[in-house]
Structure formats: structure tokens, C-alpha cells
Amino acid sequence: MEFQSVPSVSEGEINRILMVCMGNICRSPTAEAVARAKAQAMGLTLELDSAGTIGYHAGESPDRRARAAGERRGLDFSGIKARQVCTRDFAHFDLILAADRDNLQALDEACPQIYKYKLALMLDFADTPIREVPDPYYGGDSGFEQVLDLLELSIAGLFARIQAARPKSIPPVR
């Protein structure tokens with residue numbers, strides 16, 4: 001199946017974002033932690049969550065290597081526990097970002113037709129030729145650093161678009 005590169009939802013209407021990988025212990029919780037930090041730094045109020053296309057790790061904390069790499073960059077993984085994507089997620093979230101094409105395909109198969117426009121790849125918002133966030137699970141520490149680099153780039157791009165699309169408040173006249 002061929003997917004559009006960026007969902008057709010208006011960036012100004014994005015308030016709830018779900019980040020998805022396979023097990024929700026490496027890439028998607030890292031994306032959630034990066035997004036939390038970036039949203040706070042930019043003053044964006046967003047509901048951010050992560051999930052997996054499988055429920056094998058449900059209830060587990062993020063992989064220790066993912067946490068260690070993120071914590072070295074000042075990220076906070078507090079409260080993040082693995083869970084599986086559920087049907088209500090498709091209606092609830094405004095944007096659902098998959099780490100790679102396999103997970104995007106799994107989401108597409110589970111997603112009701114009316115919500116498919118919300119699906120995209122995490123790296124659709126990054127200025128990089130890389131289209132998928134590689135799974136670092138079976139590799140070394142450098143894989144987790146690469147994931148962080150890619151996610152920081154993509155989330156910065158997405159949040160800049162969201163911020164630019166939102167109405168600007170007008171300062172009071174004195």
C-alpha cells in the first residue's frame with residue numbers, strides 16, 4: 001500500500017499525537033520523551049502518548065538502553081509504560097506516527113477507513129533522506145543515539161509546523 005508522505009490533517013488542528021513502533025519499548029517511547037521535552041521547550045500544549053502494534057511488552061518500562069541514551073540528553077521517561085494500540089486510539093488522536101513502514105502497514109490494517117488520513121511515518125517531518133526510524137533493539141548503543149538524532153530532527157520539524165499553523169495571540173494594547 002502506498003501512503004501519503006504527510007497526513008492531510010491541518011497542523012493547526014493537531015493537539016493529540018500518538019507515536020507507534022512494534023513493542024513500544026524503544027523507538028516510540030523515545031519519540032514520546034523527545035516530544036514531551038520539545039513541546040515544553042516550545043510552550044506547546046499537546047497530548048502525547050506512545051504505543052506498540054503488538055502487546056508483548058504491555059506494562060513494561062522502556063528498554064534500559066533507550067532510557068540511558070535519552071537521559072544522557074536530559075529526557076524524562078517517567079510514567080511511560082508499554083501498551084498496545086487500541087481501536088479508540090484511531091478516533092482519539094489527531095496524528096498517529098509510525099516508526100517504519102511495517103508498523104504503518106499494521107496501523108493501516110487496523111485503522112477504520114474514516115481515520116486513515118491521520119497515519120504517517122515519524123520521519124515524514126524530518127529533513128533527511130531516511131524515511132524509517134531503524135529498530136535499535138538488537139544492536140548497540142550507537143543505534144539508540146541514531147534513533148534520538150532522527151527523532152529530535154523530525155519532532156522539531158513537526159512542532160515547528162504545528163506552532164506556525166496555530167493562531168498567534170495578539171498582545172494587549174496599552
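Just so it is clear, glycine is given a Cβ too, placed from its N, Cα and C backbone atoms.
Sequence annotations record features per position, and here TrEMBL assigns domain 'Phosphotyrosine protein phosphatase I' to 15-161. Positions annotated as active site, nucleophile by TrEMBL: CYS21. According to TrEMBL, the active site annotation covers ARG27. Taken from TrEMBL, the feature active site, proton donor covers ASP135.
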CYS21 (active site, nucleophile) to the residue listed as 'active site' - Cα separation in whole Å: 6
Fewest other Cβ within 10 angstroms of its own Cβ, chosen from the active-site residues CYS21, ARG27, ASP135: ASP135
Conformational class of ARG27 (active site) under the three-state DSSP mapping: helix
The domain 'Phosphotyrosine protein phosphatase I' (15-161) - residue tally per DSSP class, helix then strand then coil: 72 helix, 20 strand, 55 coil
Cα distance (Å, whole number) from the residue listed as 'active site, proton donor' to the residue listed as 'active site': 7
